[in-house]
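Before anything else, here's the structure in question.
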Amino acid sequence: RQALRRVAGPEVDFARAEREHQLYVGVLRCKLGLQVLELPADESLPDCVFVEDVAVVCEETALLTRPGAPSRRKEVESMKRVLESLNLNIVEMVDENATLDGGDVLFTGREFFVGLSRRTNQRGAEILADTFKDYAVSTVPVHDSLHLKSFCSMAGPNLIAIGSSEAAQKALKTMQQMSDHRYDKLTVPDDAAANCIYLNIPSKGHVLLHRAPEEYPESAKVFEKLKDHMLIPIANTELEKIDGSLTCCSVLINKTPEL
């Protein structure tokens, strides 16, 4: 009830939200064999399930962000403790003029695109560029959505999944103009369904978690054309009511477990 949301809407079914989240965690941990570290729940921080927004991790470096919503800034503390336990190089965003939500950060494997939204500003993008100097960083205006990744994400090593709305297509055009690289695109009818999770797992190959057919049937049909991918449909009906997408609920870290 207290989570932030862009527009008023139906109340979240808490029991169903828990079941959907447990399924999400179960897919990562049991089906895909990933090591999953769960942050403690904090009843004073109603948006804390959306861990993606408070950290951007690339290689051995983790940038702790300064979320655009002041009510979310304390979320960074528990994320910092977990990332420190992984011996990552921690960079903290301490400039009070900067805001950055991880949901506005699209890393393609070659470069970063950063959405300039109500939650992320130019100074936040500049600090990200200073942190990850090995990669080009381009900014993309975001007007009609919460985050850049509300309507796009990576669906493969060189493949951008993108929604069909005018705003999504305009953002894609900006990204194409900014980049020296030509990406393939996968256009889906529903903007929300364009947020998916791509993983390249040595024992499994190309893996894609995407929104379930019962939620977005036409978009699911588009994903089914990806014959080289292991496709895993995931329902996200409840967290979507408070602007949550599939990528929001995890931070992916490519790190060999210490034996």
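Each residue, glycine too, has its Cβ placed from N, Cα and C.
Below, the features straight out of TrEMBL:
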type     : residues                                         : note
BINDING  : LEU4, ASP47, GLU52, ASP53, ARG72, ARG119, ILE242 : substrate binding site
ACT_SITE : HIS147                                           : active site, proton donor
ACT_SITE : CYS248                                           : active site, nucleophile
Relative to the mean position of the Cβ atoms of LEU4, ASP47, GLU52, ASP53, ARG72, ARG119, ILE242, the recorded substrate site, which additional same-chain residues have Cβ within 8 Å?
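Result: ALA3, PHE50, PRO67, ALA69, ASP101, GLY103, ASP243, CYS248.
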Taking the residue listed as 'active site, proton donor' as the reference, which of ASP47, ARG72, ARG119 (the binding-site residues) have a CA within 10 A of its CA?
ARG119
Which value in Å gives the longest Cα to Cα span across the substrate site residues LEU4, ASP47, GLU52, ASP53, ARG72, ARG119, ILE242 as recorded?
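Result: 15 Å between the two most distant Cα atoms.
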Within a 10 Å radius around the Cβ, which one of these recorded positions has the most neighbouring Cβ atoms: ARG72, ARG119, HIS147?
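By the 10 Å Cβ neighbour count, HIS147 comes out on top.
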Within the chain of ILE242 (substrate binding site), which residues six or more apart in sequence place their C-beta under 8 angstroms from its C-beta?
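In sequence order, ALA3, LEU4, ARG5, VAL12, ASP47 meet the Cβ cut-off.
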Of ASP47, GLU52, ASP53, the binding-site residues given in the record, which has the fewest other CB atoms within 10 A of its CB?
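Result for the binding-site residues ASP47, GLU52, ASP53: minimum number of other Cβ atoms within 10 Å at ASP47.
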Validating a neighbour-count step here. Other CB atoms within 10 A of the CB of LEU4 (substrate binding site): how many?
14
